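Q: Here you go, one structure.
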Amino acid sequence: MGQKSEIDTSTLAVGRGTDADSGLTESREELVKPIKTWKGYLWDTWDLPSDQRRLLFKVDAFVLTFASIGYFLKNIDQTNINNAFLSGMKEDLSMYGNELVTSTSIWTVGYVIGQIPSNLILTRVSPRWVIPALEVGWGIATICTASVQSYRSLYALRFLVGLFESGFYPGIHYLLGSWYTPQEIGKRAMIFWLAGSIGNMFSGFLQAAAYTNLNGVHGHAGWRWLFIVDGIITIPLALLGFFFFPNLPQSGKRTWWTTEEEHILSVQRMQAIGRAGKSKWTRQKVKKLVLSWEFYLLPLLYVVWNNAVPQAGMGYWLKSFNSNPPPLPGTSFTVPEINNLPIPTTGIFVGMALVWGWLSDGPFKGLRWPFIYAGAIISLIFIVLLRQMPLYENVNDRKIVYWLSNIGMGAGPLILSWINEICSHDTEKRALLIAMANDLAYVVQAIAPNFVWATVDFPAAQKGYLFTAVLQVLTIVVCAAIQVMLRIDKKRSQTSDTSSIAQNDEVASQGDISSEKAQESKV
(Lines of atoms letter the chains of each structure in order from A and count residues from 1; the text may use other names and numbers.)
(Lines give C-alpha, C1' and ligand atoms only; values in the text may rest on other atoms or scores of the structure.)
Protein backbone atom coordinates (compact mmCIF):
# COMPACT_ATOMS: atom_id res chain seq x y z
CA MET A 1 0.00 0.00 0.00
CA GLY A 2 2.80 2.40 0.91
CA GLN A 3 5.37 2.81 -1.84
CA LYS A 4 8.93 3.93 -1.44
CA SER A 5 9.60 7.27 -3.09
CA GLU A 6 12.68 7.31 -5.25
CA ILE A 7 13.14 11.04 -4.79
CA ASP A 8 15.56 12.36 -2.19
CA THR A 9 13.18 14.35 0.00
CA SER A 10 15.94 15.83 2.13
CA THR A 11 16.73 18.48 -0.45
CA LEU A 12 13.28 19.39 -1.68
CA ALA A 13 12.63 22.37 0.58
CA VAL A 14 15.77 24.24 -0.35
CA GLY A 15 15.85 23.24 -3.97
CA ARG A 16 13.68 26.16 -4.98
CA GLY A 17 16.13 28.96 -4.25
CA THR A 18 19.68 29.98 -4.99
CA ASP A 19 20.92 28.92 -1.56
CA ALA A 20 19.65 27.22 1.57
CA ASP A 21 18.30 30.35 3.26
CA SER A 22 16.64 31.91 0.23
CA GLY A 23 15.42 28.53 -0.93
CA LEU A 24 13.59 27.92 2.36
CA THR A 25 12.08 31.40 2.30
CA GLU A 26 10.85 31.06 -1.26
CA SER A 27 9.51 27.61 -0.52
CA ARG A 28 7.59 28.86 2.48
CA GLU A 29 6.12 31.81 0.60
CA GLU A 30 5.04 29.52 -2.22
CA LEU A 31 3.76 26.61 -0.14
CA VAL A 32 2.38 28.33 2.97
CA LYS A 33 0.31 31.11 1.50
CA PRO A 34 -1.43 33.50 3.92
CA ILE A 35 -5.21 33.47 4.08
CA LYS A 36 -6.65 36.47 2.21
CA THR A 37 -10.29 35.78 1.33
CA TRP A 38 -13.45 35.12 3.38
CA LYS A 39 -13.61 31.63 1.87
CA GLY A 40 -10.07 30.96 3.09
CA TYR A 41 -11.03 32.02 6.63
CA LEU A 42 -14.03 29.70 6.43
CA TRP A 43 -11.85 26.75 5.30
CA ASP A 44 -8.16 27.35 4.57
CA THR A 45 -7.83 25.13 1.49
CA TRP A 46 -9.89 27.57 -0.61
CA ASP A 47 -6.91 29.96 -0.61
CA LEU A 48 -4.42 27.28 -1.64
CA PRO A 49 -3.32 26.26 -5.15
CA SER A 50 -5.30 23.44 -6.72
CA ASP A 51 -2.59 20.82 -6.13
CA GLN A 52 -2.50 21.53 -2.37
CA ARG A 53 -6.28 21.69 -2.28
CA ARG A 54 -6.55 18.20 -3.76
CA LEU A 55 -3.92 16.87 -1.39
CA LEU A 56 -5.56 18.32 1.73
CA PHE A 57 -8.99 17.12 0.64
CA LYS A 58 -7.63 13.58 0.66
CA VAL A 59 -5.82 14.04 3.98
CA ASP A 60 -8.92 15.54 5.60
CA ALA A 61 -11.07 12.72 4.28
CA PHE A 62 -8.78 9.90 5.39
CA VAL A 63 -7.08 11.36 8.49
CA LEU A 64 -9.42 13.88 10.05
CA THR A 65 -12.58 11.87 9.43
CA PHE A 66 -11.03 8.61 10.61
CA ALA A 67 -9.51 10.29 13.69
CA SER A 68 -12.72 12.06 14.68
CA ILE A 69 -14.89 8.95 14.36
CA GLY A 70 -12.29 6.91 16.24
CA TYR A 71 -12.10 9.42 19.09
CA PHE A 72 -15.89 9.58 19.19
CA LEU A 73 -15.97 5.79 19.72
CA LYS A 74 -13.08 5.93 22.20
CA ASN A 75 -14.97 8.36 24.41
CA ILE A 76 -18.12 6.27 24.19
CA ASP A 77 -16.00 3.41 25.55
CA GLN A 78 -14.59 5.57 28.35
CA THR A 79 -18.11 6.53 29.43
CA ASN A 80 -19.94 3.25 28.87
CA ILE A 81 -18.46 1.58 31.95
CA ASN A 82 -20.38 4.03 34.17
CA ASN A 83 -23.58 3.64 32.14
CA ALA A 84 -23.27 -0.16 32.27
CA PHE A 85 -22.76 0.01 36.05
CA LEU A 86 -26.03 1.91 36.44
CA SER A 87 -27.86 -0.45 34.07
CA GLY A 88 -27.34 -3.81 35.73
CA MET A 89 -23.62 -4.57 35.76
CA LYS A 90 -23.41 -3.63 39.44
CA GLU A 91 -25.81 -6.41 40.42
CA ASP A 92 -24.64 -9.00 37.87
CA LEU A 93 -20.98 -8.73 38.92
CA SER A 94 -21.62 -8.03 42.64
CA MET A 95 -19.91 -4.65 42.49
CA TYR A 96 -21.22 -3.35 45.83
CA GLY A 97 -17.98 -1.86 47.09
CA ASN A 98 -15.31 0.25 45.33
CA GLU A 99 -15.06 -2.09 42.33
CA LEU A 100 -16.18 0.56 39.81
CA VAL A 101 -13.58 3.06 41.05
CA THR A 102 -10.95 0.31 41.00
CA SER A 103 -11.81 -0.64 37.41
CA THR A 104 -11.45 3.00 36.38
CA SER A 105 -8.08 3.23 38.15
CA ILE A 106 -6.86 0.05 36.42
CA TRP A 107 -7.95 1.49 33.05
CA THR A 108 -5.96 4.63 33.87
CA VAL A 109 -2.86 2.56 34.67
CA GLY A 110 -3.00 0.93 31.26
CA TYR A 111 -3.63 4.28 29.59
CA VAL A 112 -0.69 5.94 31.34
CA ILE A 113 1.73 3.07 30.64
CA GLY A 114 1.09 2.98 26.89
CA GLN A 115 1.10 6.60 25.73
CA ILE A 116 4.78 7.50 25.56
CA PRO A 117 6.01 4.19 24.05
CA SER A 118 3.23 4.29 21.48
CA ASN A 119 4.06 7.83 20.36
CA LEU A 120 7.77 7.04 20.09
CA ILE A 121 6.97 3.96 18.00
CA LEU A 122 5.16 6.29 15.57
CA THR A 123 8.49 7.95 14.77
CA ARG A 124 9.78 4.59 13.53
CA VAL A 125 6.71 2.62 12.35
CA SER A 126 4.06 4.07 10.04
CA PRO A 127 0.89 5.29 11.80
CA ARG A 128 -1.16 3.32 9.26
CA TRP A 129 -0.02 0.16 11.05
CA VAL A 130 0.21 1.37 14.64
CA ILE A 131 -3.02 3.32 15.15
CA PRO A 132 -5.44 0.88 13.43
CA ALA A 133 -3.75 -2.02 15.28
CA LEU A 134 -4.42 -0.25 18.59
CA GLU A 135 -8.04 0.26 17.57
CA VAL A 136 -8.47 -3.43 16.72
CA GLY A 137 -7.03 -4.25 20.15
CA TRP A 138 -9.40 -2.05 22.09
CA GLY A 139 -12.34 -3.17 19.95
CA ILE A 140 -11.67 -6.84 20.73
CA ALA A 141 -11.12 -6.10 24.42
CA THR A 142 -14.37 -4.10 24.51
CA ILE A 143 -16.37 -6.95 22.97
CA CYS A 144 -14.79 -9.40 25.42
CA THR A 145 -15.98 -7.17 28.29
CA ALA A 146 -19.54 -8.22 27.43
CA SER A 147 -18.76 -11.77 28.53
CA VAL A 148 -17.17 -11.09 31.95
CA GLN A 149 -18.64 -13.05 34.86
CA SER A 150 -16.75 -11.34 37.69
CA TYR A 151 -15.33 -7.95 38.46
CA ARG A 152 -11.83 -9.50 38.48
CA SER A 153 -12.19 -10.37 34.80
CA LEU A 154 -13.47 -6.85 34.25
CA TYR A 155 -10.27 -5.47 35.82
CA ALA A 156 -8.06 -7.40 33.40
CA LEU A 157 -10.01 -6.28 30.34
CA ARG A 158 -10.22 -2.65 31.47
CA PHE A 159 -6.42 -2.63 31.75
CA LEU A 160 -6.12 -3.92 28.18
CA VAL A 161 -8.68 -1.41 26.90
CA GLY A 162 -6.74 1.43 28.55
CA LEU A 163 -3.44 0.14 27.14
CA PHE A 164 -4.80 -0.11 23.58
CA GLU A 165 -6.56 3.25 23.76
CA SER A 166 -3.49 5.03 25.14
CA GLY A 167 -1.74 5.75 21.87
CA PHE A 168 -4.72 7.11 19.96
CA TYR A 169 -5.15 10.69 21.21
CA PRO A 170 -1.46 11.75 21.42
CA GLY A 171 -0.70 9.75 18.27
CA ILE A 172 -3.32 11.59 16.22
CA HIS A 173 -1.99 14.96 17.42
CA TYR A 174 1.52 13.93 16.38
CA LEU A 175 0.12 12.85 13.01
CA LEU A 176 -1.73 16.15 12.53
CA GLY A 177 1.53 17.96 13.19
CA SER A 178 3.18 15.84 10.48
CA TRP A 179 0.70 16.85 7.75
CA TYR A 180 -0.70 20.31 8.48
CA THR A 181 0.77 23.83 8.59
CA PRO A 182 0.11 26.41 11.36
CA GLN A 183 -2.82 27.92 9.46
CA GLU A 184 -4.44 24.48 9.16
CA ILE A 185 -3.72 22.45 12.28
CA GLY A 186 -5.60 24.39 14.98
CA LYS A 187 -9.12 23.98 13.64
CA ARG A 188 -8.53 20.33 12.74
CA ALA A 189 -7.13 19.56 16.19
CA MET A 190 -10.22 21.23 17.64
CA ILE A 191 -12.62 19.20 15.46
CA PHE A 192 -10.84 15.99 16.47
CA TRP A 193 -10.97 16.85 20.18
CA LEU A 194 -14.62 17.92 20.16
CA ALA A 195 -15.62 14.63 18.54
CA GLY A 196 -14.75 13.09 21.91
CA SER A 197 -17.06 15.46 23.77
CA ILE A 198 -19.88 14.47 21.43
CA GLY A 199 -19.02 10.81 22.08
CA ASN A 200 -19.44 11.37 25.83
CA MET A 201 -22.92 12.77 25.24
CA PHE A 202 -23.94 9.92 22.94
CA SER A 203 -22.89 7.17 25.33
CA GLY A 204 -25.97 7.72 27.45
CA PHE A 205 -28.24 7.53 24.41
CA LEU A 206 -26.48 4.37 23.22
CA GLN A 207 -26.91 2.70 26.59
CA ALA A 208 -30.58 3.67 26.74
CA ALA A 209 -31.15 2.24 23.25
CA ALA A 210 -29.24 -0.97 24.03
CA TYR A 211 -31.13 -1.52 27.25
CA THR A 212 -34.53 -0.77 25.70
CA ASN A 213 -34.14 -2.73 22.46
CA LEU A 214 -31.58 -5.47 23.18
CA ASN A 215 -31.99 -6.37 26.85
CA GLY A 216 -32.44 -10.15 26.98
CA VAL A 217 -31.76 -10.73 23.29
CA HIS A 218 -29.80 -13.99 22.87
CA GLY A 219 -29.63 -14.17 26.64
CA HIS A 220 -27.48 -11.05 27.04
CA ALA A 221 -28.33 -8.24 29.44
CA GLY A 222 -28.67 -4.73 28.03
CA TRP A 223 -25.42 -3.53 29.63
CA ARG A 224 -23.53 -6.35 27.91
CA TRP A 225 -24.94 -5.31 24.55
CA LEU A 226 -23.49 -1.84 25.10
CA PHE A 227 -19.95 -3.27 24.93
CA ILE A 228 -20.83 -5.56 22.01
CA VAL A 229 -22.28 -2.71 19.94
CA ASP A 230 -19.34 -0.41 20.74
CA GLY A 231 -16.82 -3.08 19.71
CA ILE A 232 -18.72 -4.05 16.56
CA ILE A 233 -18.66 -0.41 15.44
CA THR A 234 -14.97 0.03 16.32
CA ILE A 235 -13.36 -3.00 14.63
CA PRO A 236 -14.56 -2.36 11.03
CA LEU A 237 -13.34 1.25 11.30
CA ALA A 238 -9.97 -0.01 12.51
CA LEU A 239 -9.67 -2.50 9.65
CA LEU A 240 -10.43 0.27 7.16
CA GLY A 241 -7.60 2.23 8.77
CA PHE A 242 -5.05 -0.32 7.58
CA PHE A 243 -6.03 0.55 4.00
CA PHE A 244 -6.74 4.28 4.19
CA PHE A 245 -4.56 5.67 6.99
CA PRO A 246 -1.48 7.46 5.59
CA ASN A 247 2.23 7.13 6.12
CA LEU A 248 4.07 10.18 7.41
CA PRO A 249 5.31 12.53 4.66
CA GLN A 250 8.84 12.45 6.09
CA SER A 251 9.02 8.64 6.05
CA GLY A 252 9.84 8.48 2.33
CA LYS A 253 7.01 6.00 1.74
CA ARG A 254 4.21 7.23 -0.49
CA THR A 255 0.68 6.43 0.63
CA TRP A 256 -1.23 4.65 -2.14
CA TRP A 257 -3.97 7.28 -2.41
CA THR A 258 -1.47 10.06 -3.15
CA THR A 259 0.26 10.55 -6.47
CA GLU A 260 4.04 10.87 -6.64
CA GLU A 261 3.63 14.64 -7.13
CA GLU A 262 1.35 14.88 -4.09
CA HIS A 263 3.79 12.90 -1.99
CA ILE A 264 6.61 15.26 -2.95
CA LEU A 265 4.32 18.23 -2.24
CA SER A 266 3.48 16.90 1.23
CA VAL A 267 7.20 16.67 2.05
CA GLN A 268 7.86 20.16 0.70
CA ARG A 269 5.03 21.62 2.76
CA MET A 270 6.45 20.22 5.99
CA GLN A 271 10.02 21.20 5.18
CA ALA A 272 8.84 24.71 4.36
CA ILE A 273 7.67 25.14 7.96
CA GLY A 274 10.67 23.32 9.46
CA ARG A 275 9.06 19.98 10.39
CA ALA A 276 12.02 17.64 10.72
CA GLY A 277 12.09 13.95 9.86
CA LYS A 278 13.34 11.17 12.13
CA SER A 279 16.87 11.09 13.49
CA LYS A 280 18.88 8.63 15.56
CA TRP A 281 18.60 8.46 19.33
CA THR A 282 22.03 9.18 20.80
CA ARG A 283 23.27 9.91 24.30
CA GLN A 284 23.89 13.51 23.27
CA LYS A 285 20.36 13.81 21.87
CA VAL A 286 18.81 12.49 25.09
CA LYS A 287 20.97 14.79 27.22
CA LYS A 288 20.06 17.81 25.10
CA LEU A 289 16.38 16.88 25.29
CA VAL A 290 16.30 16.45 29.07
CA LEU A 291 18.22 19.69 29.65
CA SER A 292 15.96 21.72 27.36
CA TRP A 293 13.31 24.03 28.82
CA GLU A 294 10.71 22.56 26.45
CA PHE A 295 10.99 19.19 28.21
CA TYR A 296 9.56 20.74 31.38
CA LEU A 297 7.46 23.74 30.45
CA LEU A 298 5.50 22.41 27.46
CA PRO A 299 4.02 19.33 29.20
CA LEU A 300 3.48 21.41 32.35
CA LEU A 301 1.33 23.89 30.43
CA TYR A 302 -1.00 21.13 29.23
CA VAL A 303 -1.12 19.48 32.67
CA VAL A 304 -2.19 22.66 34.48
CA TRP A 305 -4.71 23.55 31.75
CA ASN A 306 -6.21 20.06 31.78
CA ASN A 307 -6.66 20.00 35.56
CA ALA A 308 -7.88 23.60 35.73
CA VAL A 309 -11.17 22.51 34.14
CA PRO A 310 -13.81 22.34 36.93
CA GLN A 311 -15.83 19.19 37.46
CA ALA A 312 -19.37 19.39 36.09
CA GLY A 313 -21.48 20.62 39.01
CA MET A 314 -24.80 21.76 37.61
CA GLY A 315 -26.47 18.35 37.99
CA TYR A 316 -25.51 18.16 41.67
CA TRP A 317 -26.86 21.68 42.19
CA LEU A 318 -30.18 20.92 40.49
CA LYS A 319 -30.59 17.71 42.47
CA SER A 320 -29.90 19.51 45.76
CA PHE A 321 -33.18 21.43 45.39
CA ASN A 322 -35.00 18.14 45.98
CA SER A 323 -33.41 17.58 49.39
CA ASN A 324 -35.54 17.20 52.50
CA PRO A 325 -35.91 19.80 53.86
CA PRO A 326 -35.67 21.73 50.58
CA PRO A 327 -33.12 24.59 50.52
CA LEU A 328 -35.59 26.74 48.56
CA PRO A 329 -39.21 25.72 49.26
CA GLY A 330 -41.36 25.66 46.15
CA THR A 331 -38.44 25.03 43.75
CA SER A 332 -37.56 21.52 42.61
CA PHE A 333 -36.44 19.74 39.45
CA THR A 334 -37.53 16.47 37.90
CA VAL A 335 -35.06 13.73 36.88
CA PRO A 336 -35.37 14.63 33.15
CA GLU A 337 -34.70 18.28 34.02
CA ILE A 338 -31.64 17.33 36.09
CA ASN A 339 -30.30 15.38 33.09
CA ASN A 340 -31.26 17.85 30.36
CA LEU A 341 -30.69 21.31 31.82
CA PRO A 342 -26.86 20.96 31.85
CA ILE A 343 -26.77 20.05 28.12
CA PRO A 344 -26.56 23.71 26.91
CA THR A 345 -23.24 23.96 28.76
CA THR A 346 -21.68 21.46 26.37
CA GLY A 347 -23.39 22.96 23.31
CA ILE A 348 -22.14 26.48 24.09
CA PHE A 349 -18.67 25.13 24.85
CA VAL A 350 -18.45 23.23 21.54
CA GLY A 351 -19.53 26.29 19.56
CA MET A 352 -17.03 28.60 21.27
CA ALA A 353 -14.18 26.07 20.96
CA LEU A 354 -14.76 25.81 17.20
CA VAL A 355 -14.65 29.61 16.92
CA TRP A 356 -11.32 29.62 18.76
CA GLY A 357 -9.85 27.02 16.43
CA TRP A 358 -10.89 29.01 13.36
CA LEU A 359 -9.66 32.34 14.80
CA SER A 360 -6.30 30.88 15.85
CA ASP A 361 -5.58 29.48 12.38
CA GLY A 362 -7.06 32.40 10.44
CA PRO A 363 -7.06 36.03 11.67
CA PHE A 364 -4.45 35.26 14.36
CA LYS A 365 -2.18 33.58 11.76
CA GLY A 366 -1.38 30.47 13.78
CA LEU A 367 -0.88 32.13 17.17
CA ARG A 368 -1.94 29.91 20.09
CA TRP A 369 -0.97 31.89 23.18
CA PRO A 370 -3.71 34.59 22.93
CA PHE A 371 -6.34 31.88 23.40
CA ILE A 372 -4.48 30.30 26.30
CA TYR A 373 -4.46 33.65 28.11
CA ALA A 374 -8.05 34.48 27.15
CA GLY A 375 -9.26 31.03 28.17
CA ALA A 376 -7.55 31.22 31.56
CA ILE A 377 -8.92 34.69 32.31
CA ILE A 378 -12.47 33.89 31.19
CA SER A 379 -12.47 30.59 33.07
CA LEU A 380 -11.10 32.25 36.19
CA ILE A 381 -13.99 34.74 36.18
CA PHE A 382 -16.61 32.00 35.97
CA ILE A 383 -14.85 29.83 38.56
CA VAL A 384 -14.89 32.73 41.02
CA LEU A 385 -18.58 33.34 40.26
CA LEU A 386 -19.47 29.68 40.82
CA ARG A 387 -17.57 29.66 44.10
CA GLN A 388 -18.81 32.96 45.50
CA MET A 389 -22.42 33.21 44.26
CA PRO A 390 -25.05 32.12 46.80
CA LEU A 391 -26.33 28.66 45.86
CA TYR A 392 -30.03 29.31 46.32
CA GLU A 393 -30.47 32.97 45.46
CA ASN A 394 -30.88 34.25 41.90
CA VAL A 395 -31.46 30.71 40.64
CA ASN A 396 -31.86 31.74 36.99
CA ASP A 397 -28.64 33.79 37.10
CA ARG A 398 -26.72 30.80 38.44
CA LYS A 399 -28.14 28.64 35.64
CA ILE A 400 -26.74 31.11 33.10
CA VAL A 401 -23.34 31.06 34.84
CA TYR A 402 -23.30 27.25 34.64
CA TRP A 403 -24.22 27.32 30.95
CA LEU A 404 -21.45 29.81 30.13
CA SER A 405 -18.86 28.41 32.55
CA ASN A 406 -17.00 26.32 29.93
CA ILE A 407 -16.60 28.94 27.20
CA GLY A 408 -12.95 29.45 28.16
CA MET A 409 -12.01 25.76 28.19
CA GLY A 410 -11.13 25.32 24.50
CA ALA A 411 -7.37 25.88 24.61
CA GLY A 412 -6.29 22.24 25.00
CA PRO A 413 -5.96 21.25 21.32
CA LEU A 414 -4.26 24.58 20.61
CA ILE A 415 -1.68 23.84 23.30
CA LEU A 416 -0.86 20.48 21.68
CA SER A 417 -0.73 22.21 18.28
CA TRP A 418 1.70 24.73 19.81
CA ILE A 419 3.91 21.86 21.06
CA ASN A 420 3.86 20.44 17.52
CA GLU A 421 5.05 23.80 16.19
CA ILE A 422 7.65 24.64 18.86
CA CYS A 423 9.28 21.20 18.48
CA SER A 424 9.21 21.16 14.68
CA HIS A 425 12.99 20.80 14.48
CA ASP A 426 13.03 17.41 16.26
CA THR A 427 10.34 14.85 15.46
CA GLU A 428 11.28 12.52 18.34
CA LYS A 429 11.07 15.41 20.77
CA ARG A 430 7.74 16.43 19.27
CA ALA A 431 6.27 12.93 19.65
CA LEU A 432 7.64 12.53 23.18
CA LEU A 433 6.43 15.87 24.57
CA ILE A 434 2.93 15.51 23.12
CA ALA A 435 2.64 12.10 24.78
CA MET A 436 4.19 13.35 28.03
CA ALA A 437 1.74 16.24 28.19
CA ASN A 438 -1.33 14.04 27.85
CA ASP A 439 0.14 11.30 30.01
CA LEU A 440 1.03 13.50 32.98
CA ALA A 441 -2.31 15.29 32.69
CA TYR A 442 -4.05 11.93 33.17
CA VAL A 443 -1.84 11.06 36.15
CA VAL A 444 -2.78 14.29 37.96
CA GLN A 445 -6.39 13.95 36.85
CA ALA A 446 -6.57 10.48 38.38
CA ILE A 447 -5.22 11.65 41.76
CA ALA A 448 -6.27 15.27 42.40
CA PRO A 449 -10.09 14.89 42.26
CA ASN A 450 -9.98 12.49 45.21
CA PHE A 451 -8.80 15.38 47.37
CA VAL A 452 -10.41 18.49 45.90
CA TRP A 453 -13.58 17.28 44.14
CA ALA A 454 -15.15 15.00 46.75
CA THR A 455 -18.74 14.13 45.86
CA VAL A 456 -19.93 15.13 49.33
CA ASP A 457 -18.63 18.69 48.75
CA PHE A 458 -21.07 19.35 45.88
CA PRO A 459 -22.82 21.55 44.92
CA ALA A 460 -20.69 24.16 46.73
CA ALA A 461 -17.36 22.41 45.98
CA GLN A 462 -15.37 25.24 47.55
CA LYS A 463 -12.05 23.34 47.55
CA GLY A 464 -12.44 22.27 43.94
CA TYR A 465 -13.17 25.74 42.60
CA LEU A 466 -10.27 27.19 44.61
CA PHE A 467 -7.97 24.49 43.21
CA THR A 468 -8.95 25.24 39.61
CA ALA A 469 -8.69 29.01 40.18
CA VAL A 470 -5.09 28.57 41.29
CA LEU A 471 -4.34 26.39 38.27
CA GLN A 472 -5.84 28.97 35.89
CA VAL A 473 -3.41 31.56 37.29
CA LEU A 474 -0.59 29.02 36.96
CA THR A 475 -1.61 28.45 33.32
CA ILE A 476 -1.00 32.15 32.64
CA VAL A 477 2.36 32.03 34.42
CA VAL A 478 3.60 28.94 32.54
CA CYS A 479 2.43 30.31 29.18
CA ALA A 480 4.29 33.57 29.87
CA ALA A 481 7.44 31.61 30.81
CA ILE A 482 7.25 29.71 27.52
CA GLN A 483 6.99 32.97 25.58
CA VAL A 484 10.00 34.36 27.43
CA MET A 485 12.07 31.26 26.60
CA LEU A 486 11.01 31.40 22.95
CA ARG A 487 12.16 35.03 22.74
CA ILE A 488 15.48 34.11 24.38
CA ASP A 489 15.96 31.27 21.88
CA LYS A 490 15.13 33.62 19.01
CA LYS A 491 17.71 36.18 20.18
CA ARG A 492 20.34 33.45 20.56
CA SER A 493 19.57 32.21 17.06
CA GLN A 494 19.85 35.71 15.62
CA THR A 495 23.13 36.29 17.49
CA SER A 496 24.47 32.97 16.24
CA ASP A 497 23.48 33.79 12.67
CA THR A 498 25.12 37.21 12.91
CA SER A 499 28.28 35.67 14.34
CA SER A 500 28.34 33.06 11.58
CA ILE A 501 27.97 35.72 8.90
CA ALA A 502 30.76 37.79 10.46
CA GLN A 503 33.06 34.75 10.56
CA ASN A 504 32.31 33.97 6.92
CA ASP A 505 33.05 37.58 5.97
CA GLU A 506 36.32 37.45 7.90
CA VAL A 507 37.35 34.23 6.19
CA ALA A 508 36.46 35.71 2.80
CA SER A 509 38.40 38.87 3.63
CA GLN A 510 41.48 36.87 4.65
CA GLY A 511 41.16 34.91 1.44
CA ASP A 512 41.13 38.13 -0.59
CA ILE A 513 44.22 39.42 1.24
CA SER A 514 46.07 36.15 0.61
CA SER A 515 45.11 36.31 -3.04
CA GLU A 516 46.39 39.89 -3.33
CA LYS A 517 49.68 38.92 -1.70
CA ALA A 518 50.05 36.01 -4.05
CA GLN A 519 49.48 38.32 -7.02
CA GLU A 520 52.07 40.79 -5.66
CA SER A 521 54.64 38.01 -5.24
CA LYS A 522 54.10 36.99 -8.86
CA VAL A 523 54.69 40.56 -9.98
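Every residue gets a Cβ built from N, Cα and C, even glycine.
Feature list, courtesy of TrEMBL:
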- 495-513: compositional bias 'Polar residues' (COMPBIAS)
- 514-523: compositional bias 'Basic and acidic residues' (COMPBIAS)
- 63-487: domain 'Major facilitator superfamily (MFS) profile' (DOMAIN)
- 1-22: region 'Disordered' (REGION)
- 494-523: region 'Disordered' (REGION)
- 55-73: transmembrane segment (TRANSMEM)
- 93-117: transmembrane segment (TRANSMEM)
- 129-149: transmembrane segment (TRANSMEM)
- 155-177: transmembrane segment (TRANSMEM)
- 189-211: transmembrane segment (TRANSMEM)
- 223-245: transmembrane segment (TRANSMEM)
- 295-318: transmembrane segment (TRANSMEM)
- 338-359: transmembrane segment (TRANSMEM)
- 371-388: transmembrane segment (TRANSMEM)
- 400-419: transmembrane segment (TRANSMEM)
- 431-453: transmembrane segment (TRANSMEM)
- 465-486: transmembrane segment (TRANSMEM)
Q: State the non-local partners of the transmembrane segment (431-453) in its own chain: residues 6+ outside its ends, Cβ under 8 Å from one of its Cβ atoms.
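A: Same-chain contacts beyond the flanks: 105, 108, 111-112, 115-116, 118-120, 122-123, 169-170, 173-174, 177, 289, 294-295, 298-299, 301-303, 306-307, 311, 415-416, 419-420, 423, 461, 463-464, 466-467.
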Q: Sort out the residues at least 6 away from either end of the transmembrane segment (55-73), same chain, that have Cβ-Cβ distances under 8 Å to it, and list them.
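A: Distant Cβ neighbours of the transmembrane segment (55-73) are 45, 48, 131, 135, 168-169, 172, 175-176, 179-180, 184, 188, 191-193, 195-196, 198-199, 202, 230, 233-234, 237-238, 240-241, 244-246, 257-258, 262, 265-266.
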Q: How about the transmembrane segment (295-318) and the transmembrane segment (93-117): do they have 3 or more C-beta pairs under 8 A, pairs 6 or more apart in sequence?
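A: Since fewer than 3 Cβ pairs under 8 Å link them, the transmembrane segment (295-318) and the transmembrane segment (93-117) do not come into contact.
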Q: Please check if the transmembrane segment (338-359) comes into contact with the transmembrane segment (129-149), where contact means 3 or more CB pairs closer than 8 Å and the residues in each pair are separated by 6 or more positions.
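A: Between the transmembrane segment (129-149) and the transmembrane segment (338-359), which are separate recorded stretches, there is no contact, as judged by 3 or more close Cβ pairs.
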Q: Average pLDDT across the domain 'Major facilitator superfamily (MFS) profile' (63-487)?
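A: Averaged over the domain 'Major facilitator superfamily (MFS) profile' (63-487), per-residue pLDDT gives 91.
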Q: Might you confirm whether the transmembrane segment (400-419) is in contact with the transmembrane segment (155-177), defined here as three or more C-beta pairs under 8 A between residues 6 or more apart in sequence?
A: yes
Q: Would you mind listing the long-range same-chain contacts of the transmembrane segment (223-245), meaning Cβ under 8 Å and 6+ residues beyond its ends?
A: 1, 62-63, 66, 69-70, 73, 76-77, 80, 83-85, 87-89, 92, 127-129, 131-133, 135-136, 138-140, 142-143, 145-147, 206-207, 210-211, 214-215, 217, 257
